[in-house]
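*Asks:* Before I ask anything, here is the structure I am working with.
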Amino acid sequence: MFPESNSGYSYEDCKATADWLLAQTDIRPAVGVVCGSGLGGLADMLKDQVAFNYKDIPNFPQSTVHGHAGRLVFGTLKGRPCVCMQGRFHLYEGYPIQKITLPMRIFKLLGVETVILTNAAGGLNQDFKVGDIMIMKDHLNMPGFAGNNPLAGPNDERFGVRFPCMSDAYDRELQQLAMDVGQELGYADFLKEGVYCVLGGPSFETIAECRMLQKLGADAVGMSTVHEAIVARHCGIRVFALSLITNQAVTDYDSEEKANHEEVLQIGKLRAEQLERLVSTMVTRIEHNFA
Ligand SMILES: O=P(O)(O)O[C@H]1O[C@H](CO)[C@@H](O)[C@H]1O
Ligand SMILES: Nc1nc2[nH]cnc2c(=O)[nH]1
């Protein structure tokens, strides 16, 4: 029915990885964080760290992209137990889509209830500036339109249902919390909200593609996050996601601008401190509001 290579890891494989991790640390994380390109500093916020290189974790893929360190870090954030992926996996690295989203299922089996997904993205919305932080309120899943969805293949009901709803993919209470925290921290000028569109990459978009994505209602474009959000929602994890706008998508044939990964990483460094403060304050409030 489904080709074997498409089926990803079984429930038992995910459980074996989660049990292996749980045997190495006493930390029982309620919150999982995924660091986007150049945003790995978020993991450095954790206290009492227990860290694993991806290469040492059974069944885990390896990070191959500059700006993604390839470490899974357990620790506490203002007393709250967390786990943080310092580096994520992307379709363009050549992994099957089920493999790049495997960590979400491992998070679930570790006891994670909320994930905070972060990414670097190109700004399509003309009102966005480089350095803006966009709270994701929805997504456009372009690889999904072409049949490349991380839930394709046999469905294991122990994770979730065959046809999960995605109209509530991004938790509205957490979006509001991010807005409130952002206001309090004085971030109102650069805190935005919008729709993120995922593409396969690794080539950046053409001008015609950027114009098309604008017409489709996308505010930002990138190569990640959406697959993780789908798998996390499928297994009942609450999702909050944000994009750091690291470059403006080029929509004008007269423009001299050219998207490049080094600039993406550079902008990540410039906003690192504010992002860390936003995420860490949110984590304390999630405990306060929902635990
Ligand atoms: O989405 P993250 O992992 O932040 O990375 C973004 O930055 C890279 C391009 O510079 C791409 O991988 C894109 O998806
Ligand atoms: N696809 C895509 N990914 C990005 N990641 C950071 N910037 C960009 C961009 O402009 N396009």
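Note: Cβ is positioned from N, Cα and C throughout, glycine not excepted.
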*Asks:* With H68, R88, F89, H90, A120, S224 listed by TrEMBL as phosphate-binding, which of these, S37, S203, S243, S255, is given for the same site?
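*Replies:* Checking S37, S203, S243, S255 against TrEMBL: the phosphate site match is S37.
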*Asks:* Across the record's phosphate-binding residues S37, H68, R88, F89, H90, A120, S224, the largest CA-CA distance in angstrom?
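*Replies:* Per the listed residues, the maximum Cα distance equals 13 Å.
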*Asks:* Sorted by position, what residues of the same chain at least six away from S224 (phosphate binding site) have a C-beta under 8 A from it?
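*Replies:* The answer is G36, R88, H90, N119, V198.
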*Asks:* Quick one: Cα separation, H68 (phosphate binding site) versus N247 (purine D-ribonucleoside binding site), in Å?
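*Replies:* With the alpha carbons as reference points, the distance is 19 Å.
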*Asks:* Write down the Cα-Cα distance for N247 (purine D-ribonucleoside binding site) and A120 (phosphate binding site), rounded and given in Å.
*Replies:* 9
*Asks:* Across all chains shown, how many C-beta atoms besides its own are within 10 angstroms of the C-beta of F89 (phosphate binding site)?
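*Replies:* I count 28 other Cβ atoms within 10 Å of it.
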*Asks:* What average pLDDT is reported by the model for the domain 'Nucleoside phosphorylase' (31-283)?
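*Replies:* Mean pLDDT for the domain 'Nucleoside phosphorylase' (31-283): 96.
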